[in-house]
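Structure first, commentary second.
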C-alpha cells in the first residue's frame, strides 16, 4: 500500500491541535487508574479485542473500538491515522480482514462553521479512504458536537474460531518482534514546539526546523501505516501472541500481554528502536516523556509479537521485503515456572537497553 503526504494547494484553514490539549493515544486514562476503574468488571483490561460467541457453531465476532483527539494538524491524515489505529487491535489477533467499520466523530464547537465543515469533512474522507485501503468499508457511525474534535470508530470481523490468534500462547524461548519504531508521540509534541517560541528555544541548540519536519513527516506516515501485512505474516510464521503498542507505551502493553499468557513467563525487552533524534531531545530535557522507560504513549504503533526466533527472523526479513520498513527483535520470553504463579507474569525493560535510532524512511 502506498501512503503519501497530500500535496496542499492551499493552507490549512486551522490547526487541529489548537483545539485540544490531549493528543492521540496520549488521551488514554493511565493504566493503573484504568485497572482500578475496571475492578470487578470482566477480566480487567483484558485483550485488545472482545471475543463474542455467535448463535452459529464455531463462529465468533471479534470487535474493537478506539477514538482520540487530534495529534496532527492535517485533518485528512488525522482520519487515516485514526482508522489505522482502530484496525490495529484486529491485526494483533492475526486478523487480516475487517468485515465492517463504524466511524465515531465529534465536530468542534470551538471552530468557526467554515473550519468545522472543512476539518470534519476531511477527517471523514481520510478515515474512509484508509478503511478502503484495508479492504473494509464504513457502514455507519455517530457524529456529535464537542469542544475538542474526536475521531475513531469500531472494527468488526466475523470468523471461525480457528481463524485468529488468541494472544495467550507465548512460550519460553520465544522472542519479541516490534513492527514500528517508538517515539511517535514525542515526535508530534516536539513538532508542535516549532510554533511555540518559548518551547522551541529549549531545543533549538540541538535540532532545527528541517530536521524536526523530516522526522514528523516520517512519524505521520508511520502512524497512518496499516499493520495489515504484519497480521498476515503472524499467521504464516505461527505467532503465539501479540498486541499493538499505543497509549500505555511499550512497557504498559507488553506487561498487559504478559499477564494474559497461559504459562508463567516474563518478557525481557533488551532493545528499543526509536525514531531518530528523539533520544537526544529526551536526554536534553531530562526525559519528560519517559520514552526510554517504555511508558511514553504511542499512537497507532506497531505490533508486538511473540514467536520462535527462527520464525521471527524470517518474519522481519519478509515484512521488509514487502513494505520496505524494518521490524526488530527487541526481547525474549523467559521461563518463570519456578514461581508457579501466572499472576506474576510481567514485562521489564533491561537496564541500559540497546537503542536503535531509526532513520526517517518515507518510502511507504
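From the backbone N, Cα and C atoms, a Cβ is placed for every residue, glycine too.
Positions annotated as active site by Swiss-Prot, on the basis of sequence analysis: 25. Residues or ranges marked as site 'Important for catalytic activity' by Swiss-Prot: 28. Feature annotation from Swiss-Prot assigns ATP binding site to 28, 46, 47, 48, 66, 89, 141, 142, 143. Here Swiss-Prot flags 48, 89, 244 as Mg(2+) binding site.
For residue 48 (Mg(2+) binding site), the nearest of the binding-site residues by C-alpha distance turns out to be 66; the candidates were 66, 141, 143. The most crowded of the binding-site residues listed here (48, 66, 89, 244) is 244, judged by how many other CB atoms sit within 10 Å of its own CB. Taking a C-beta cut-off of under 8 angstroms and a sequence separation of 6 or more, residue 141 (ATP binding site) has the following same-chain neighbours: 102, 103, 104, 105, 153, 154. When Cβ neighbours within 10 Å are tallied across all protein chains shown, the highest count among the binding-site residues 47, 143 belongs to 47. Same-chain neighbours of the Mg(2+) site beyond 48, 89, 244, judged by a C-beta within 8 angstroms of the site's C-beta center, are, in sequence order, 49, 64, 88, 90, 91, 92, 93, 243, 246. Neighbours of residue 89 (Mg(2+) binding site) among the binding-site residues 47, 66, 143, defined as a Cα within 10 Å of its Cα, are 47, 66.
For the pair formed by residue 143 (ATP binding site) and residue 244 (Mg(2+) binding site), distance between Cα atoms is given as 27 Å, rounded to the nearest Å. The DSSP secondary structure for residue 89 (Mg(2+) binding site) is helix. For residue 66 (ATP binding site) paired with residue 244 (Mg(2+) binding site), the C-alpha to C-alpha distance reads 12 Å.
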